[in-house]
Amino acid sequence: DCRVVRDPQTLKSKGYGFVSFVKKAEAESAIAAMNGQWLGSRSIRTNWATRKPPAPKNEVNTKPLTFDEVYNQSSPTNCTVYCGGLTNGLTEELMQKTFSPFGNIQEIRVFKDKGYAFVRFSTKESATHAIVAVHNTDINGQTVKCSWGKESGDPNNAQAAGQVSEQVNVPTALLLFL
């Protein structure tokens, strides 16, 4: 898989993209071989893709999420909520207690060492209500972030979408077009 990141308004490239490889060795080889190469009129930099650092906790302009806004961010069949930011006390029981008021939970997958969990609901509406209500709230003294879990292609979550992913771990290389 590969994708160029674009400005949503102008659709102009933001100057970077991501390329996913099936095998880690292939990604390592691409990073080594492509770093410094010319793409058109630009020299590119390559490296492993990493997640953005979390936003500052006292963000000034954090407007509340709306049901419609969240609902429209994912496909009609996605019922999986990602809940992250719980470095202490993350358990399946805590996720059950936090998310059960929003609807029927089908599955909870906790990744304690990573500080996040996936909660799969029986309906997209339940999942949407959960994201809207729980995002940026305090659980066990920690501000949590909630968003949509991936439906397919996510090795931790492929079963949740009723699909089996053949790719167990997909290394992703970051390409910078500078």
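Every residue, even glycine, has its Cβ placed from backbone N, Cα and C.
These features come from TrEMBL:
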- 1-51: domain 'RRM' (DOMAIN)
- 79-151: domain 'RRM' (DOMAIN)
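Applying DSSP to the domain 'RRM' (1-51) sorts its residues as follows: 11 helix, 22 strand, 18 coil. The predicted model assigns the domain 'RRM' (1-51) a mean pLDDT of 85.
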